[in-house]
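For reference, the structure discussed in these notes is given below.
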Amino acid sequence: MTSLQQPTIISSGEVYILNGSTGGELNPVPFFLNKNLRVLSANLDRAFVAVEPTLWTSPVEGALPPCSVYCFKADQSEPEYCPEFEVIKAPIRQIAFGSSHTLVLTDDGTLYSRGVAMYGSTGHGGARDVPEFSEVPALKGREVRFVAAGPFYSIAITAECDVYSWGKAFYGETGLFTQVEAVPRFAAQVTPFKVTQVSCGHSHVLARTQMQQCVSWGENTCGQLGLGQKSKPTYKPQLLSTIPSQVATVSAGWAHSVAVGTDGRAYSWGLNSHGQLGIGDTTTRLAPHLLHDLVGIHEVVACEAARAFTMFRTSNRALMCGQIPPDLTNTVSLDFAPHRPGKHDPEGCILAPVPLNLSTGEQGCKGMAELSEIVAFDKGAIAFARSSVYKVSPNVAPIQGGTKVRAFVTGIPCVCEEGSPEPMNVQVRLKSHSPNCDLIVQGQVVEKDIVEFSTPDASCSPLGALVEQGTTLPVSVRVSVDGGFTWTPDRTPIGRELEQAMRQLPSEQQAAGYGLPQGRKDINKELTDFKGDFEVRRRALAVTSQSSTMLWYCRWPAEGPSQVEPGCATVAGGTEVLIHVALPARMPTENLTVKFLCTPKKTLDDPELEARAPMRRDAAEITNPDKETMAKLPLAGALEVPVIAFLDPAGRGVCCVSPPMDAECVHYYDYSVMVSLDGLNYMQRSLPFKIFDIHVMELEPRLGVLSEPTEVRVKTSGFVESEILKVRLDFPKECGKGPKTVPAQYDHTSGDVVFTMPPLDVPRKAATEEAEGDEAADTGSSATESAVAGVEVFVELSLNGQNFTEDHVHFCYVGDINPEVMRLLANPDGNLPEEDPKAKPKKGQEARGQAREKS
């Protein structure tokens, strides 16, 4: 149950606790912010945390910062200070403890102990208690490298890999033939294995050798030694050959054992009463068993076994199986733990490893911290997430430097509180692996979890030559609060993952579906494809998260954008705008931004419209205003509207969607657009733009013959000149024709928009079916005209080819106007004309006349 991780951490970060009051989650402990964590240790019913101040100065040259030790007991969520550790002046390397004794190992290899000398557990000889920390006499002059402790026994390893043990050994847990030793004794049976690390359970021990093998000794009533069978206790180490890979770390629980291979696979064996083995059931295993649920999903780097649960640590998160630490006050329910159907599983137990929630940082980001240490005890666990950069904003900068960048760092000390004279100074490291380049600049902690710095000029570095060729190069961003002694982890993706993080050309992007295709297919194959696609997307998300922690150097487009199309957008927004600009290759695009700059006008040619301007209305309400000052005011307040942009798929530049504007104020501004690659710094060149609120007022003429084209003039309001003029014709459904778009022109003389209304082409067959009998053959043309005459077509206008008006002004088609009878109403002299009896009606006119007489 003692930790096998690196004993000394010395890093800033955040401490988390899991106990009965946290409901199965790792909750942060704010008490340890602004402190450097040095040592974590846990066993039995408590855990110790040793910290140092982040910033410390002393007038004495070579003085070491003071180390403070705090203790978590049982279900306590707040630590208690432990004054007994104050006598330890040397830097603490490791803390180990049992039921009634405590061991402290310092950096110089000196071992101290204190506590109740039950079974000689303090190592001072006899039954004399040791009230204060004192050096273990038998190990004076020996450099101890590692120490571990069980309930009433202890084990120490020296620099020569010699093993010494003392205390109770009723089950052979000390590796000695004798059952009780009050002083450290050389363990002749264990030393030949060249043990480097040891984990002490309740009455059995696991150890890792220099050859990365696992050996065990002690009690085996539950198969915790992993020998494949139960057996009597043994003090002789047993080599476990059933673990197929080399062993990276081991951990002994109360009566179960866990090991992690160098390949990231986890193995467990022993008592499984609460599912602490993590293999999906509660059956005890007598030999190492592979945790199949973790293979291919989680790469385990460390493990911690407690009394009834087990913790696994990956590169950035913790997993847990077994009994969730119960709440002694019964205020937290454990009903959320799943149960197997038809099985009487213990309450509040998880039979397979599940990830624990870990939220950190001022922004509440989950999974961004690097979980670097976790220790477990009977009542819970203590975890440490070292300070880690999880976001860089902006993450694109010119190679010439000078960009203000903010790095968001979890758990970084913050002393810039209210009333503080100056922010805290830190160092920021910018490192590139290919080409090799390492730059260090000064930064400041300006807010909680936020470090601000200016990018250095890297044009003369190895990065400059490549960036000037048009490529984009990433550098990792790391932060140090102790003058460069320790740095936040390097989260830069490597190899193929880095290529995935960079922008790909459209031809290089692979189309990927999602979900199961419909139809009768091989369900097993489709499920396999679905899982593979899901895994690809999960990894892509992880790579994207990692790439957001890097700073990308590129060559800033000095000439800026060259053209915007279309050059105008409707006041309602929604216009897709393309801005032509030459962008660097392989540049991240999540911070691309287009800003619509609204510059207020000083005056208008229309006095009535100018009087309705916002500034003019406000000035009119002022009593006795200064007219000269009021005349200098703009018509409206300045306005900037940034919108998110994205890359043009054809590689021509940047695309965005125009935002909605205030229709009442559209006349009082001159508009332009600007482009930013990082969301903060905009290119100097801006392109003129227009925002319009156009409406169709009237058509001249509104009638036209259906068989001939008609020139139509559109009377508008709110028109602005544009290179694109289009008219959309919306035909009624009964015509069987969809919307049609025709070009238009602007008449500078009249200010009208002119277009040609096309003739209405309706199939002759559909029209002639409405005529009856033999008359249809003689009057086909008339039947066609009568079928479509009076059709109303809505005419809508667009100035950019995308957004059309919705005024529903219609144009009406009529039939050909051919008079059947012409009658002169009056002569020039005013007399009534006489009818010419010789005038004969045309053939069709006579038939229709007779039909009317009959009716």
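We count from 1, first residue shown onward.
Any Cβ shown, glycine's included, is placed from N, Cα and C.
Taken verbatim from TrEMBL:
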- 835-855: compositional bias 'Basic and acidic residues' (COMPBIAS)
- 88-311: domain 'RCC1-like' (DOMAIN)
- 825-855: region 'Disordered' (REGION)
- 109-160: repeat 'RCC1' (REPEAT)
- 161-211: repeat 'RCC1' (REPEAT)
- 212-263: repeat 'RCC1' (REPEAT)
- 264-316: repeat 'RCC1' (REPEAT)
- Task: Take the repeat 'RCC1' (212-263) and count its residues per DSSP category (helix H/G/I, strand E/B, coil), listing them in that order.
- Result: 0 helix, 23 strand, 29 coil
- Query: Which residue counts does DSSP yield for the repeat 'RCC1' (161-211) in the helix, strand and coil classes, in that order?
  - Reply: 3 helix, 25 strand, 23 coil
- Using DSSP, break the repeat 'RCC1' (264-316) down into helix, strand and coil residues and give each count. 3 helix, 20 strand, 30 coil
- Residues in the repeat 'RCC1' (109-160) grouped by DSSP into helix, strand and remaining coil: 6 helix, 23 strand, 23 coil
